[in-house]
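Annotated in Swiss-Prot:
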type	residues	note
TRANSIT	1-68	transit peptide
CARBOHYD	Asn27	N-linked glycosylation site
CARBOHYD	Asn206	N-linked glycosylation site
CARBOHYD	Asn319	N-linked glycosylation site
BINDING	Asp338, Asp342	Mg(2+) 2 binding site
BINDING	Asp338, Asp342	Mg(2+) 1 binding site
MOTIF	338-342	motif 'DDXXD motif'
CARBOHYD	Asn384	N-linked glycosylation site
CARBOHYD	Asn465	N-linked glycosylation site
BINDING	Asn482, Ser486, Glu490	Mg(2+) 3 binding site
CARBOHYD	Asn509	N-linked glycosylation site
Amino acid sequence: MAFCISYVGALLPCSLSTRTKFAICHNTSKLHRAAYKTSRWNIPGDVGSTPPPSKLHQALCLNEHSLSCMAELPMDYEGKIKETRHLLHLKGENDPIESLIFVDATLRLGVNHHFQKEIEEILRKSYATMKSPIICEYHTLHEVSLFFRLMRQHGRYVSADVFNNFKGESGRFKEELKRDTRGLVELYEAAQLSFEGERILDEAENFSRQILHGNLAGMEDNLRRSVGNKLRYPFHTSIARFTGRNYDDDLGGMYEWGKTLRELALMDLQVERSVYQEELLQVSKWWNELGLYKKLNLARNRPFEFYTWSMVILADYINLSEQRVELTKSVAFIYLIDDIFDVYGTLDELIIFTEAVNKWDYSATDTLPENMKMCCMTLLDTINGTSQKIYEKHGYNPIDSLKTTWKSLCSAFLVEAKWSASGSLPSANEYLENEKVSSGVYVVLVHLFCLMGLGGTSRGSIELNDTQELMSSIAIIFRLWNDLGSAKNEHQNGKDGSYLNCYKKEHINLTAAQAHEHALELVAIEWKRLNKESFNLNHDSVSSFKQAALNLARMVPLMYSYDHNQRGPVLEEYVKFMLSD
């Protein structure tokens, strides 16, 4: 009698739509797909397949009018940057607290890259005068919380003890704070920067969240919407451009510089849209010329989806166009190889495929089926080409580091295939150790690290090994959220290879809700570790990489906000916002 189990294939972080289950039977050697759900994004240019570049060009509204508008933009654009810089400088000189609010606004609206020098000077002055808990005693909850968050975000240590000033004799936060909505919101935001062991920040998060949730019903509509958005998407753990749309409304007419800053943010968005649209055309052209989706007709043919990852990860650095396009190629191959392991290969073929990647040897693919052989050889060609581009741009060849990530990824996929063939679930710890590799996070971040010119021989350059703990935390966050999203949206029957079911196998009396809560607790722990690792990587050369890596983790709440049709309307809305009017 054949023994069959239902198994969820490697749920890559790139799986923006819900993955389907695969039935693996012991009396066959193939992995059979039940049915891949097509992409349900209702986004211009994404129809679940690859439109030719000319059609994609039309779908993205790149017409003569929009291009002519772009040609006229720079004159006003530069003037608006200068005007904003002047206003920021004035506030930095005359109003320490409002200058911090101004800095926060530039971050939330995604225009801070224009004012790095001015922002650094404001933060330097503020840190010199406010870092002492004694001095913080004379400031409001909102002011101290904002100061704390901005300093930690920018690598300046402030003790969590500054919040002791807001506790009463009972050791609990003071009762009068319950009426300070603005202060509580900022306290909640500040608590997202906590490290492991900072109990007072755990208390601050719980206190502020409970009070704000309890008060939502009695708030006016605009305030309720604003507070609700911040509770759902705290700034530190979310994508700035996504949360910035709501913050634009929050600014209102409170500050005289608000209108100027909003106008600059809109101009910035126009520039970014133009760049992203052009990059998507490049990606579509590359994908069509590659032609692998024609050989692997069951594989996911979603270049738009591939590109979305690079667009969001590098959303803060519009100048890194080449890096976004090149990184998208790596994302595409994670999808393809995942599909090779989930759909095409027998276990014996998957072993040969993995050995070929491990050897990085074209001839080792000779015994593979033609479609698998073509995929493997094209992977080697593409990554060798990426390494050559990095060498030409930055003066060093990272091929060994890049090869290592692909070897590890394929080996992790192979472990999954063997687990599936055995019909048994691994322990929760075994699962998580392997799945954080099969998530694809290491591949993406190592490629990004090298594409940004890090890890070379230049003096003072950070080493790739210095980022391993940071990458590990991001990979675990993704894997756990991926499994949580799958559990919610795929109606798992308890026999699939998710962390939740591996954990429940070891704790047989645990309910699904308790297992879910346990996974969320692990996510919270990894965010604390990620905060600490990010803070410790306080080196000028790595700041852009660090921000991009955090953006990878920040995609999680966008990815797993599914509706009843298993679409991701929140992410869909964000991508539409970034690509079209």
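Placed from the backbone N, Cα and C atoms, the Cβ positions cover glycine too.
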Practice task
Please report the number of other Cβ atoms within 10 Å of the Cβ of Asp338 (Mg(2+) 2 binding site).
Solution key: 24
Fill in the blank from the handout: Asn465 (N-linked glycosylation site), DSSP three-state class -> helix
Practice task
Take the Cβ of Asp342 (Mg(2+) 2 binding site) and count every other Cβ within 10 Å, whichever protein chain it belongs to.
Solution key: 25
Practice task
Report the nearest neighbour of Asn384 (N-linked glycosylation site) in space among the binding-site residues Asp338, Asp342, Asn482, comparing Cα positions.
Solution key: Asp338
Problem - Using Cα positions only, nearest of the recorded positions to Asp338 (Mg(2+) 2 binding site) (Asn319, Asn465, Asn482, Asn509) - result: Asn482
Fill in the blank from the handout: For the motif 'DDXXD motif' (338-342), the DSSP residue counts stand at 5 helix, 0 strand, 0 coil
Exercise for the section: Taking Cα atoms as reference points, rank the recorded positions Asn319, Asp342, Asn465, Asn509 by distance from Asn482 (Mg(2+) 3 binding site) and give the first. Expected result: Asp342
Problem - Cα-Cα distance linking Asn206 (N-linked glycosylation site) and Asp342 (Mg(2+) 2 binding site), given in Å to the nearest integer - result: 42
Practice task
Sort Asn384 (N-linked glycosylation site) into helix, strand or coil using the DSSP assignment.
Solution key: helix
